[in-house]
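Asker: This structure is in structure tokens; I'll ask about it shortly.
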Amino acid sequence: MLADAERGKFDLVLIWRISRLARNLTDLLGIVEHLNRHKVMLYSLKEPFDGTPIGQFVLQMHGARAELERSNIADNVRAAMNQRSKSGIWNAGNSVLGYRWTRDPETTLGQVQVVPEEAELVNHIFEWYASGELGYKAISNRLNHASRLTKLGKPFSVQLIRNILNNHNYIGLVRYNKTEHIRTGGDVAIGWAQGTHRAIINLDLWNRVQTLLVERFAPPLRKIERSYPLAGLLKCPLCGYSMIPWHVNQMRKDGTRKTNHYYQCSTNNSKGSAVCRSNLVRADNVEQWFFEQLRMLLTAPEALETIVAATNAKHQSDTRPTLEEVRQIEVLLKELASQKEVLYRSFESGALSKDEFAATIMEVKLQINEAQASKERLEAVLVASEKDEINPDQIRLALSRLRQLLETSPGEQQKRLLRLLVDKITLPKDRDFRQATIHSTNALLNLQIPTLTEANSP
């Protein structure tokens, strides 16, 4: 709606109540300001207000009341759900593998049923982990190779297996105080109540799994100090998801250890080879290629011309609505001039009395003055915008400074800067990064940059 308001597709927004537009006062005021900026009126059927200071005050009061109502409703819902959980009543909907929430057609009350096929699968997951032979990824990989799907019909992931093994619902418990625990930063402890649903994992198996989870738990350690600037920017050539850092330690013949650095498909890392291949790409090679491409891009005449042309085209696109408004005012001025001429003729012929002529001609003159003032204001904006057009020297200087900043920035700062410039890097299916395409962000006008060669650069 806000985008259409910018394009001038309508001049009135009609709502039933203020709360139907926004239940947050800050959001409401932002929307109203946006509509006013683009000359779009807002009208509420049940809570009328106008553009006067009093009317705007009334609008803010209605907005504050809507926000208060939303907060009260949210608090009441959270309190009611928390009380249900304390009573052992199921609140997890249909999100837990192994259970199905349904409504009893006779009593209309909700009830939880065990899904035998899913419960059997959950038992397998616990048994596999309790055996000590399989970890999160091995279990998810086994399930995905067997074409087993999650509750949402998707492949299993490492995170989902971890969640299943830690879910107390499987031993008949229901969690409460979760929201309060998060809201208070952990001051309110999470509690567990005996649920009304049937457990599908026996306590002995549960305890064995929990013991293993504790034994295997280790806080994540950053063993590799190397920076991976293209992590998240490189996209897997098969599934299209981001590629993440990976390293392999290799023992040399002389007994020293060598570490090889790669980028690996994140889907393969979390869901296994059944979903996608690892598609490893050597980090040193692809990074060298990327920064060489960026260097040539920031110095190539063709890139400079493209950026200048795209920048000025966008500038012209931004001024087009103003030009159109000036043309409309010119048409209006011609119509008013014709009306003025007709009025003088009518007065001279006696068709209009002196009083009728004076009142009518005054109204027309006022409209002419207002239209002329609007036209002059818009023309001043256009004149000022002509001075804002970008020339190649300005772009060349900006690109030169950007290149220097990239070359001198430390690792984390360099990664953040790259994400401001590059949206993604797409690899071909054969993983030959020399044929990859760099997709820039708005900062570089969303250019899609194929591999450049030295012939393209100065």
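Numbering starts at 1 and runs along the chain as it is shown here.
Just so it is clear, glycine is given a Cβ too, placed from its N, Cα and C backbone atoms.
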Asker: When you get a sec, could you say which of 53-80, 193-220, 361-388 is annotated coiled coil by TrEMBL?
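Answerer: Coiled coil, as annotated by TrEMBL, spans 361-388.
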Asker: Suppose you look only at the domain 'Resolvase/invertase-type recombinase catalytic' (1-88); what would the mean pLDDT be?
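Answerer: Mean per-residue confidence for the domain 'Resolvase/invertase-type recombinase catalytic' (1-88): 83 out of 100.
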Asker: According to DSSP, how is the domain 'Resolvase/invertase-type recombinase catalytic' (1-88) divided among helix, strand and coil residues?
Answerer: 55 helix, 8 strand, 25 coil
